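All remarks here apply to the structure that follows.
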Amino acid sequence: MVYAISILALVLIFTIATKVPINMGILAFAGAFLVGGWVSGIPIDDIVDAFPGDIFLIVAGITLLFAIAKANGTINIIVESALRLVHGRRWALVWMMFLLSGALMALGSPMAAGMLAPIAMRLAGKKKINPLLMGMAINHGALGCAFSPITIYGAFVNGLIKSAGYEANPLLLFIVPFALNTLFLAVLFAIYGRDLLHELPEDRDEITGAGASSGAPTRPHPSPGSGTASATAVLPDVDVIGHTPFNRERAATLIGILLLAVGSVAFNVDVGVSSICISTVLLLMAPKKMPRIEDKVAWPAVVLVCGMLTYMTVLKQNGTLDFLGDAATHLGSPLAAALILLYAAAIISAVGSSIGTLGIALPLAAPMLAAGELGALGFISRWPSPPPSSTSAPSPRTDPSWWPRPMSKTVNGSNAASWPTAAWSCSSPRWWPGP
C-alpha cells in the first residue's frame with residue numbers, strides 16, 4: 001500500500017506541475033512530508049535531514065555567480081569576443097553559438113541557452129538564418145556540456161553515481177553527451193543550414209573589411225565626391241549587442257569563473273562553496289552597482305531540484321525505489337527495462353523537470369547496473385537530451401516572430417522518439433564499463 005501511494009503521489013506531482021503554474025519542487029516537498037511522515041511513518045527530522053544542502057549551494061551559488069556576470073556585462077564581453085572571430089560568416093555563427101552556449105554551460109551557467117537566445121534570435125533575423133537551426137544550436141550546445149563536473153547536472157549525476165557505489169568518470173560523462181549533441185546539430189545543419197555556406201553580398205563586404213579593421217566596428221564612410229555616408233555600409237554582428245568596455249569588475253568576474261573551473265576540476269574544491277565565495281568577493285567590489293542581485297538567482301530551479309531530491313530520498317527510505325527497481329529486473333530483459341525507462345524519462349522531461357527525472361529514473365536502474373546487466377556509464381552518459389520545450393531551452397518569447405512553433409514541436413517529438421533508442425542501443429556492458 002505504501003508503494004502504491006508513493007508512486008501515485010509521484011505521478012500527481014508531475015501531472016499537477018505540468019498542468020498548473022506551481023513549482024514541482026514545492027509539490028515534491030509537500031509530498032515528501034505527507035508520504036514520508038504520514039504514510040510511511042518516517043520521522044519528520046529524518047525527512048528534514050534529507051534536504052540536499054550541497055546541491056542547494058551548487059544551484060544557488062552557480063546561478064548567483066552567472067547572474068553577476070550577466071549584470072556587470074561580463075557575458076556581453078564573452079559573446080562580443082566570440083562574434084568577432086567569425087567575421088560575419090553565417091555558417092560559422094551557428095557553430096559559434098553552439099560552442100559558446102556549451103562553454104558557458106561547461107563553466108557552470110545553468111541558463112546558458114536562455115542568456116544567449118535573445119542575441120541568437122536577433123542574429124538569425126539579421127543574417128537570414130533559419131531560427132529553428134539557431135535555437136537548436138544554442139540548445140544542443142548547452143545540453144552537450146550539461147554534464148560538466150561543475151554544472152548542476154554534472155554534480156547531481158556524479159553524486160548519484162558515487163552514492164550508488166560506482167567509480168565516477170566525469171571526463172567520459174562529459175565527452176559522450178557532447179559528441180552526441182554535436183552529431184545531432186550536424187544533422188540539423190545538413191537539413192536546414194546548407195544555404196549558409198553561400199555568403200550573402202553584405203556578408204562578403206563585412207568579411208572583406210574584417211582584416212583591415214581587426215574586428216572593429218565598420219562604420220559608414222563617405223562616397224567619393226558625395227560628402228555623405230554610404231547607405232550600403234554594413235555594421236558587424238557585434239552591433240547586435242553593442243560594445244562593452246573591459247573594466248576591473250569584468251576582469252575579476254572572468255578570473256573568478258576561471259578559478260571556479262580549475263579549482264573544481266583540478267583540486268576537487270566544492271563548487272557550491274567556491275561559487276558563493278567568489279560571488280561575495282565580486283559583490284564587495286561593486287556593492288552599489290548590482291542592487292537586489294539575489295533576485296536574479298534561479299530560485300525556482302533551487303526549489304525544484306531540492307524538492308525532487310528530498311522526495312527521492314523519502315522513496316528510498318520507504319523502499320519504493322527498491323520495489324520499482326526489482327520489478328524492472330523481472331521484466332525478463334534488462335535492456336527492455338532500460339528502453340522503457342529511457343522512453344518514460346524522455347516523455348516526462350519534455351514537459352517537466354529533466355533533473356527531477358534523472359533523480360528518479362537513475363535509482364530505478366540501479367539494480368540492473370549493480371548486476372552488470374547494463375553498462376553504468378554507457379546508460380547514464382547516453383541519457384536522452386531534453387527537447388526544446390524543456391527548462392534548458394530558449395523561450396519562444398525571446399522573439400515570437402522568429403520562432404517557428406510548429407517546427408519546434410516537430411523537433412520536440414523527434415527528440416523524444418529518437419534519443420531513447422540511441423541511448424538504449426549503447427547500453428550494453430560489452431561496450432561500456434559497468435561497476
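Here the Cβ of each residue, glycine as well, is placed from N, Cα and C on the backbone.
TrEMBL labels come from automatic prediction, so no person has curated them.
Look at TrEMBL and you will find 5-144 tagged as domain 'Dicarboxylate carrier MatC N-terminal'.
Per TrEMBL, transmembrane segment is recorded for 7-35 (among others).
The transmembrane segment annotation in TrEMBL covers 55-79 (among others).
Remote same-chain partners of the transmembrane segment (91-117), defined as residues 6 or more beyond its termini with a Cβ less than 8 Å from a stretch Cβ, comprise 59, 62-63, 65-66, 69-70, 75, 78-79, 82-83, 85, 123, 127, 129, 133-135, 137-146, 148, 150-152, 174, 178, 182, 185, 189, 193, 196-197, 237, 257, 260-261, 271, 275, 298, 301, 392-395, 398. The transmembrane segment feature in TrEMBL is assigned to 91-117 (among others).
The annotation transmembrane segment is assigned in TrEMBL to 137-159 (among others).
The transmembrane segment feature in TrEMBL is assigned to 171-192 (among others).
What TrEMBL lists as region 'Disordered' is 207-230 (among others).
Same-chain residues lying 6+ beyond the ends of the transmembrane segment (254-285) with a Cβ under 8 Å from its Cβ atoms: 54-62, 64-65, 68-69, 72, 74, 77-78, 106-108, 149-150, 155, 170, 248, 293. Residues or ranges marked as transmembrane segment in TrEMBL: 254-285 (among others).
Proximity of distant same-chain residues to the transmembrane segment (297-315), defined by a Cβ-Cβ separation under 8 Å and at least 6 residues beyond the stretch ends, is recorded for 6, 10, 13, 23-29, 31-32, 35-36, 40, 42, 47, 50-52, 55-56, 59-60, 63-64, 67, 110-111, 152, 156, 321, 353, 355-356, 359-360, 363, 391. Residues annotated as transmembrane segment in TrEMBL: 297-315 (among others).
Positions annotated as transmembrane segment by TrEMBL: 335-362 (among others).
According to TrEMBL, the feature region 'Disordered' maps to 385-435 (among others).
Marked as compositional bias 'Low complexity' by TrEMBL: 390-401.
Marked as compositional bias 'Polar residues' by TrEMBL: 409-428.
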Mean pLDDT across the domain 'Dicarboxylate carrier MatC N-terminal' (5-144), rounded to an integer, is what? 89
